[in-house]
Amino acid sequence: MYYGFDVGGTKIEFGAFNEKLERVATERVPTPTDNYELLVDTIAELVNKYDAEFGCEGTIGLGLPGMEDADDATVLTVNVPAAKGKPLRADLEAKIGRSVKIENDANCFALSEAWDEELQDEPSVLGLILGTGFGGGFIYDGKVFSGRNHVAGEVGHTRLPIDAWFHLGENAPLLGCGCDKKGCLDSYLSGRGFELLYAHYYGEEKKAIDIIKAHAEGEAKAVEHVERFMELLAICFANIFTATDPHVVVLGGGLSNFELIYEEMPKRIPKYLLSVAKCPKIIKAKHGDSGGVRGAAFLHIK
């Protein structure tokens, strides 16, 4: 049995999956915001509860908005303050008495999609999230590749490439990022970035969904904005694909529901790739909000 936990800022979602990777249990509980011991106890109690229910000890994987420090394995996170700076994996292993794996939630999203029936035979899968932020995870041979410092796939914190600056023009905004740097892709390619760029160029704030609706209706500013954004996306995606060369790319997050992306990227990306490279297949995520808990559970698949 595979147990997965999606630990967010407000709730912890638990999921249990059998050997066929079918979900057989679900539970959601509030995330203790400032009580670390209660956070550890909450996770341990869910493990013990479902061990008793299934009559076996499930493997344990956690996905959270952050990562482990490569040197001391403490948690680096902003959205789960109770876990910030704490040795969560070590304390859970001591409490529960078995191995625990922890990964960034974007990596869990990518792993969930990579283990979908249609993608299980693909050698590599790149998951990209175009949501409130922009991030990703890289799956190779069915496993997360997270690198020496657990930051592989953190494409949202690479910088806007020079050809993207040329494309945006001399009036291009230098946007700040939550990581304290400027010019990160997170600030431009996310749903938030989509809105920030519109506000910058047109002097008015609009929600992404309203911009997309206006685009469908042929409103001039929205059409111009979407055209600019699609080319920006193609430039940045091409840079990422050149570095990772994935077989399949899966998009998640709210902006991934904009169907025009799937029409435009295969047409626009090739001119920014090396001449020998082909644009990978780009598809929409199938597992939506359940991707985090699925991927966390699947961290233990061998």
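Just so it is clear, glycine is given a Cβ too, placed from its N, Cα and C backbone atoms.
Of the residues proposed, His150, His157, His200, the one Swiss-Prot records at the same Zn(2+) site as Cys177, Cys179, Cys184 is His157. Other residues of the chain with a Cβ within 8 Å of the Cβ centroid of His157, Cys177, Cys179, Cys184, the Zn(2+) site, are Gly156, Gly178, Asp180, Lys181, Leu185, Asp186, Ser187. Gly135 (ATP binding site): 27 other CB atoms within 10 A of its CB, across all protein chains. In three-state terms derived from DSSP, His157 (Zn(2+) binding site) belongs to a helical segment. Put simply, of the binding-site residues Thr10, Gly133, Ile139, the one whose Cα is nearest the Cα of Cys179 (Zn(2+) binding site) is Gly133. A gap of 8 Å separates the Cα atoms of Gly135 (ATP binding site) and His157 (Zn(2+) binding site).
In the three-state DSSP reading, Cys177 (Zn(2+) binding site) counts as coil. Here the Cβ of Cys184 (Zn(2+) binding site) has 25 other Cβ atoms within 10 Å, regardless of which shown protein chain they belong to.
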